[in-house]
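Enquirer: Take a look at this one; I'll ask things after.
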Amino acid sequence: MFPEYEVLKFKNYKSFEDYSYISSLKNINVFIGKNNCGKSSCIDVLQSLVDNKISIGNAKVQIDYRMKDKDYDLMMSKSNYSKTSMIRPDKGQFIGKIISLNMKSGFADNSKNREFYYDGNKTIFFQNELSVDTIVDDFNRKVCEIKHYRLNAERNILPEQEDKKIFLLENGSGATNVILHVLNYANCDERLVRVDVLNALNQIMYPDSKYDNISIQKEKNEEWEVFLYENDNRFPLSQMGSGLKTIILVLLNILVMPCIIGSTANSQNINYKNIVFSFEELENNLHPALQRRLFEYLYHFSIENDTTILLTTHSHVAINMFSDKKEAQLYHVIKEKGKSSINKVEDYITKCEILQDLDVRASDLFQANGIIWVEGPSDKVYIKHWLELWGDSELVEGIDYQFLYYGGRILSHFTANPDSQDDNLINILSTNRNSAIVIDSDVCGKRKGINVTKQRIKDEFKSVGMFCWITQGKEIENYIPYQAINAAYNSNLSKQCGRNELFPDYIKKVIGKSKFDKVNFAHKVIGSITADDTNNILDLKSKIIELSNMIKHWNSKE
């Protein structure tokens, strides 16, 4: 991963006249916006941190770095304090201190990467005993270890003549030669392509296609052509769709090129922590379901290998895919009156602004065969997991069903009445007539039943034959088995949260004084929720089976 920092800011690069800000990179970092808004410029700046071949002119780049325990220990080891019995400076004065590092570029020879330097007061404690240069040198060392691979929006795979030099350019040039060397030369392991690339390709393409083999042959004009085999058919890759070529180029970048450059036959030997991948507009010529499978593959790849991926896109699929992922972050890139800026996507309103900016219409957004309306992201995490436990394993989010958020308190502004003439209400049926809704009952204490709004929604859904699930407990968290919480938090709860008990009060003994964050809690506990532990909790299993059957009905799978 790129060294952790507090925030990166840059300005004076192309249409970015004023400072724009990018938080410390996560596994997946998505820059969303219209064409020509400045998304590629964001990639340029981030690439320039680790790649001396790209020029960003007179751009000003600064990184704010927050000191940590390990930085204190490093500085102490390089100071006179490690050699004497002098009393050490108080660590508390040091930890959390922010230093701003400026990027120096424009070296005469291209043998040197960018460097960061600190031009403030270099003596943090007691005259010259502890110098910040130690931290800056360590930061520069980590940056220099990072390799970068990039795939541009304009790309292709074409027949090529053999070249002894193996390379893969940002436009896809060299891809055929890469496959040629891997398949035909003894110093390369052909399984990188025949097994690793082909398996990953089929994982992403299924059920649209499944390829049996990949080969390469020389044409009469001395150029080599890649062929894919499906059943008894043989297809020249150069004549196949650009979407398929995009997927293969992505796989060559992440599975093959690191092995070639690292001189290893197996991608498991690659230290992906020191690699940053940049992919631009992967959605081009890919239908939404295929986009989702590609994004899903990249997300899991980045998590499993702890690597960093930068994406630019103008696809709404990316918003749905990554907006609730813990190790992903989204940025909305906007260009107004010739000036670009970046907004980090952190709430529902910003997501709506992106869709409006991209001119995404409901007909584009709701391409799944049915909609499950839930209050928020944590509900989605649980319901998707429970569907995997007790539903049909072949049901695919984004194709068979899709989640939408109604936002809790604004439920009163929705209706499922097909005859409603109330312009003040949002009609759920206008998005998709195949709809289901999950609502917290909020029944607790003196309240004996659900409120008027929830009863109205329940009646309206029932009248049109749609599925409405009002939780038997107070809220969806009341379904979480205490065994899963103990496993996730190493706690010792001995009983289930009561049917109408306030879950934040119940969980206090586990999380202490920390504020209860529903989404973070859901992501942490979800991997420990099993079918056995949840089997007899209230009406959970029966409702999930009912919801699964409804989804299959939407998709004619029953």
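From the backbone N, Cα and C atoms, a Cβ is placed for every residue, glycine too.
What TrEMBL records for 8-64, 210-316 is domain 'Endonuclease GajA/Old nuclease/RecF-like AAA'.
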Enquirer: I'm checking region-level scores; what's the whole-number mean pLDDT for the domain 'Endonuclease GajA/Old nuclease/RecF-like AAA' (210-316)?
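Expert: That stretch averages a pLDDT of 92.
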Enquirer: Report the DSSP secondary-structure composition of the domain 'Endonuclease GajA/Old nuclease/RecF-like AAA' (210-316) as helix, strand and coil residue counts.
Expert: 48 helix, 30 strand, 29 coil
Enquirer: Tally of helix, strand and coil residues over the domain 'Endonuclease GajA/Old nuclease/RecF-like AAA' (8-64) according to DSSP?
Expert: 10 helix, 20 strand, 27 coil
